[in-house]
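Participant: There's a structure below that I have some questions on.
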Amino acid sequence: MSMIILKAVLYIILAPLIGGLLSGVDRVISARMQGRQGPPVFQPFYDVYKLLNKQTTVVNSIQVLFVTGYLIMTIFTGTLFFAGGDMLLVFFALSMAEVVMVMAAFSTNGPYSIMGAQRELLQMMCYEPMTLLVAIGFYYANGSFMVNDLIQARVPAIVQIPGFFIGFVFILIIKLRKSPFDLSTSHHMHQEMVKGLTTDLSGNNLAFVEIAEWYDTVLMMGIVGMFFLTANPISRVWALIACAVVFFLETLIDNLFPRVKYITMLKVTWSVILVFAGTNLLILNVLK
Amino acid sequence: MKISKSPWVLHYDASSCNGCDIEVLATMTPLYDVERFGIINTGNPKHADVLLLTGGINAQTAPVVRQLYNMMPDPKVVVACGICACDGGIFKECYNILGGADKVVPVDVYVPGCAVRPEALIEGVVKAVGILEEKRKKLKESMKQGYCTVDYSKMAVHMTADDYDPSTQYDAVLTEEALREQAEEKIKATAKPAPKPVAPAAPAANAAKPVNAQAAPVATNNAEKGDNK
């Protein structure tokens, strides 16, 4: 019991640090890929510190509740995962967090926010099937939904469910808001929808969203690592290497591709999920 | 840690010839790369700290500049880029030009040049973030006393077609001084026994009422719209 609490507290404290650093590394690598020097690695922390020190303008007072809700739900999701909870509950809580964020954007009534919120819903439609399939895949591979049991596996899950891994890495592009599918926030400046979801957020509220995304990044990397973890401690090194490779791959994809229309996103993600995860699921079913 | 490590910039072209705008964009290229100072060009006034204005202000862009300025959260600074934004430049005598950016919003840094050099521009923004730091200290003090919190939800509610006059809607500039004045009026008004509220519901609206009665002349437009319940 005390072990679970220790893990949860460690996650709550360390995740924003790791997530912020990952975000900073992402910006530096992106800049180097474009032939620029790029910001310092700690730039995301400077940004959030500044945002916390700015005036917060609120368009609709319910927005504060929703944004805080988004942060709390995201932290809850990650804590559940890293404390060894139920994979299914993790993914359901994760979609709840996203819905709360969408509500925050809808409540502002601004045209750009609403457009971003609608696109966010479309994005959720694209990746939700895959997140559920990942939980099911782990169940097929190791016979449990509990993270605690899954990390005690004898063979890494990737051996049995490589298709799910490919599908999950693919939807990570959407989850981490990377370029070809970065429809709802448009991280790079001056695009048709300003900042999408976060257009009408400022000061504290925007800082909370940033921090929630750091937690989210760490959670996603944790799930990537899950594919490689076994009872053997050396597997943790492999998991870390896999996380680093996947994160670099996402940054590379971000810099290689322009954004696409939502119809392309729907078609491509669902095809990838169907082809890789679907086939994998079928084979597992036949073999068992 | 200083907030000047991440100045986010909002660039607005108020009738520029696009010479300065191209130089503003040039600062983001690999050669100058302003992102190494943490500067990001956001297209969103609600995220911005620095308002970069290029070109002289004309009758059509004046309300837009005022609106952008009002939408930016405190602390904020304005940088006038190029000689046109500083005082009108060669277009100064034109019938439609009001003059430099300081005719409509308080400008903190003037960066002259035609077109302004990217190096000068970066220097100007760096100067501006110094001012930003000072403003933040001031803001902290005034926030402690309850000034400088503009509730935008109060500005938008209950707007009818009669309230909305596009020619005058953004005539007011909500500078820190104007807000301070407004807050002082409010404190003065609340010190006296407040007038009996009509309906006991919505205490926020009632508390704001005295401001409406004797709001500072600069901000009357927006204040009236907000408290029109």
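For all residues, glycine too, the Cβ spot is worked out from N, Cα and C.
Features from TrEMBL:
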| type | residues | note |
| --- | --- | --- |
| TRANSMEM | A:6-25 | transmembrane segment |
| TRANSMEM | A:64-83 | transmembrane segment |
| TRANSMEM | A:89-109 | transmembrane segment |
| TRANSMEM | A:121-141 | transmembrane segment |
| TRANSMEM | A:153-174 | transmembrane segment |
| TRANSMEM | A:214-231 | transmembrane segment |
| TRANSMEM | A:237-256 | transmembrane segment |
| TRANSMEM | A:268-287 | transmembrane segment |
Participant: Could you pull out which residues elsewhere in the chain have a CB under 8 Å from any CB of the transmembrane segment (A:214-231), counting only those six or more residues past its ends?
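Facilitator: Sequence-distant neighbours of the transmembrane segment (A:214-231): 11, 15-16, 18-20, 22-23, 44, 71, 74-75, 77-78, 81-82, 90, 94, 97, 134, 138, 147, 150-158, 161, 164-165, 168-169, 172, 175-176, 238-240, 242-243, 246-247.
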Participant: Might you confirm whether the transmembrane segment (A:268-287) is in contact with the transmembrane segment (A:237-256), defined here as three or more C-beta pairs under 8 A between residues 6 or more apart in sequence?
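Facilitator: By the criterion, they do not touch.
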Participant: Looking at the transmembrane segment (A:121-141) and the transmembrane segment (A:6-25), are there 3+ C-beta pairs under 8 A, with each pair at least 6 apart in sequence?
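Facilitator: No, since the transmembrane segment (A:121-141) and the transmembrane segment (A:6-25) share fewer than 3 Cβ pairs closer than 8 Å, they do not count as touching.
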Participant: Do any residues of this chain, six or more beyond the ends of the transmembrane segment (A:64-83), have a C-beta under 8 angstroms from a C-beta of it, and if so which?
Facilitator: 4-5, 7-8, 10-12, 15, 58, 89-90, 93-94, 96-97, 100-101, 103-104, 107, 147, 201, 205, 208-209, 211-212, 215-216, 218-219, 222-223
